[in-house]
Every structure is written in structure tokens, then in C-alpha cells.
Amino acid sequence: MKPVYYENGELKLIDQTKLPTTFIIHSYTDYREIATAITDMIVRGAPAIGVTAGYGVYFGALEYKDEPKDIFYDKMKEVCALLASTRPTAVNLFWAIKRMEAVIEANKDKDPTRLVEILKDEANAICSEDIQMCRDMGKHGAELIHYGDTILTHCNAGALATADYGTALGVIRAAHEAGKNISVYADETRPFLQGARLTAYELQADGIPVTLITDNMAGWMMKQGKIDGVVVGADRIASNGDVANKIGTYSVAVLAKAHGIPMYVAAPTSTIDFAMKSGDEIVIEERDCREISHIGGIQIAPDGVAMENPAFDVTPHQNITAIITEKGVVYPPYDINIPKLKDEI
Ligand code: MRU
């Protein structure tokens, strides 16, 4: 299940706002429309957003490649700024744009018509590396899962949130493929329902036993001993191990700690913001409150009621048992062990 890929001169995105009832793939060649697709969450999930932004930069370069060099570089600044303005929390977006900008900078001596081809190669590389990182993460993470475990996950950190295979669901997939006989509880993940719409859909399609619960059921499932471990993804990890992920992850982490259940975060090193000292600095996206007041287009809250809709929260590193990356499993003390990862990238 590839939510983002390049084919025959077009960027293809599975429309994740329509799943699971309708499966549509949209085609893009305009970087402005690609930016809108990120903002509107047609594509979502930190690594998938990064991959999409990489292609967005390429399509911007393709549009402006015949301009005089100075205009081309000015336009590319505009392209990158637009793509960077789409969503603030997932660092993979900025990581991918910076990587594309570095390619532009390193090839300034070349004609834009040649540079555009190099940018296409880079966007393709970001995409294929993401798949490999997910596979490697899966291998490392599966070792932490025991035979017969039931795993709770929150939001969708699956193939649909990456270029393929997934981060948290990559670990779950790898454990399943290793014959560990695992099963999964998927939080529905209010208000955007990525758990109900995407995780349940993805796991069901793969034949991995999944039970959907509402977010407020997780604690009770833990109390009854029905959950052996939690595995979630991440949108940004600070260098002290604080983790920004979908709103509700913090509550799950607190519950896991209270019940003595391991809380694992699976994320590629592209999700680590090495420059950020702690999660206090992470910008949390605030989204339209209509996501709360309405479900499936039907109003469920009174007109005019006050609402808040933070899309992410930050789980303090003290609540996280281990962070699974493509380079291996990282344990506390995170402020020492995360910076060490930088040398391995
Ligand atoms: O708002 P979304 O759907 O983009 O949020 C996605 C998440 O929070 C995921 O858990 C995170 O990006 C990890 S995805 C591999």
C-alpha cells in the first residue's frame, strides 16, 4: 500500500480523507496543489509528508527550469517556503525540504534543466530510503515483541503514513511476518479518526488481527491485562527523547506507565530533530475546530461552543521505554544516546 509514489511524470497520492470507503488515487504535477494536498491531509503521516514535499520541490523546479538562473533560484525559494508552510509539527517535512535545498545549493554551477533531473533523483531517493528505513525499523522492533502479544497503537503510523510498510505498523507487520501470533488494538484517534479509518483498514487488509476501540477505552483494556505493549509513531523527537505524536499519545503513555506496560516509539532518524533540546520547543499544529464539532459532515456540538483542536501532544521522555529507529533500538538516557545516532546517519 503505497500512499505516495512517482509514476509516468506524475506524483500519485492515495486520497486518505476518503478511506476506507473509497479508494481514489490523485495525480499531481503542480507544486501548489501538492502543498494543498499536504495541508488538507490527502497525504498525512510524518514520513509520507516528507516524501511528498521532496517531489513538490522537484515539480517546482520542473515548472521554472527554463527561467534565467537568478529567477529560477528566487522561484525555488518560494516553492520551498510554500511547501514548508503546510504543516508545522512533523519535522520530516522540513528535513526533506532542507535535503532538496542542499542539492540545489551543491549544484549551482549546473543549468536548471540539468539540476531538475538531479532533484528528481533525490526525491526518488528520499522515497526509496524511507521504505528501507521502515523495513529496518520493523526488524529491530519485532525483537521487542513477544509471542502472542497484544499491542495497542494510536493514530496511523502505517504504510499509509510512510512511503510503504510503516513505522509502528512496520514493527507490528514484522512481528506478524515472523510468526509471533500477535494481535492489535487500534485507538480510533479522535478527532480525525486515523485509527478507525486507516489503521483498522490497513491491518485488516494485511490479515493482522485488529480490534478497534475508542480512545477512552485504552485505560480499561490495560487494567484488564489485555495489552502487553504500546507501539506508536512520531512526528518529531527532540534530542532529549521527548516525542511529539498524534494528540492522545501522551494520555496513552501515562496510562502505559501506570500499568507497567512498555511504551515504544518507532520512527526513522529523519523524525529526530537533533537541534531541538526538548519537546517544549515543538510547535503544535492547531487545526480547524470543525474536526471536533462535526463527524462525517454531521454537526454534533452546539453552535458557538468554545473548542480547541491541538493535533499533536508531546510525551515526555520519562514515559518512553525505547525508541526504535532504522539504526537500532535506543534506550535511556536519551539525551546521551540520541545525539550518538547522528554519527551513524
Ligand atoms: O495528523 P497526521 O495524520 O499527519 O498525524 C500522523 C501521526 O501523528 C503519526 O503517528 C506520525 O506521523 C507517525 S507516522 C509514521
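In case you wondered, yes, glycine gets a Cβ from its N, Cα and C as well.
Unlike curated entries, TrEMBL annotations are predicted automatically.
Site annotation (TrEMBL, ligand substrate) includes R44, G45, A46, Q194, N245, K246; from R87, R173, R290, the additional listed residue is R87. Remark: R44 (substrate binding site) has Q16, I38, N156, A161, Q194 as non-local neighbours, by Cβ distance under 8 Å and separation of at least 6 in sequence.
Long-range neighbours of A46 (substrate binding site) (same chain, six or more residues apart, CB within less than 8 Å of its CB): A90, V91, N92, L93, A161, G233, A234, D235, R236, A267, T271. Close to ligand 1, meaning a Cβ under 6 Å from one of its atoms, are these of the recorded positions G45, R87, C155: G45, C155. Long-range Cβ neighbours of K246 (substrate binding site) (same chain, at least 6 residues apart, Cβ-Cβ under 8 Å): H154, C155, T189, Q194, V232, G233, D235, A311, F312, D313. The substrate site is set by R44, G45, A46, R87, Q194, N245, K246; from the centre of their CB atoms, other residues of the chain with a CB within 8 Å are I49, A90, C155, N156, A157, A161, G233, D235, A311, F312. DSSP gives K246 (substrate binding site) a strand state. All protein chains shown were included, and the count of other CB atoms within 10 Å of the CB of Q194 (substrate binding site) stands at 27.
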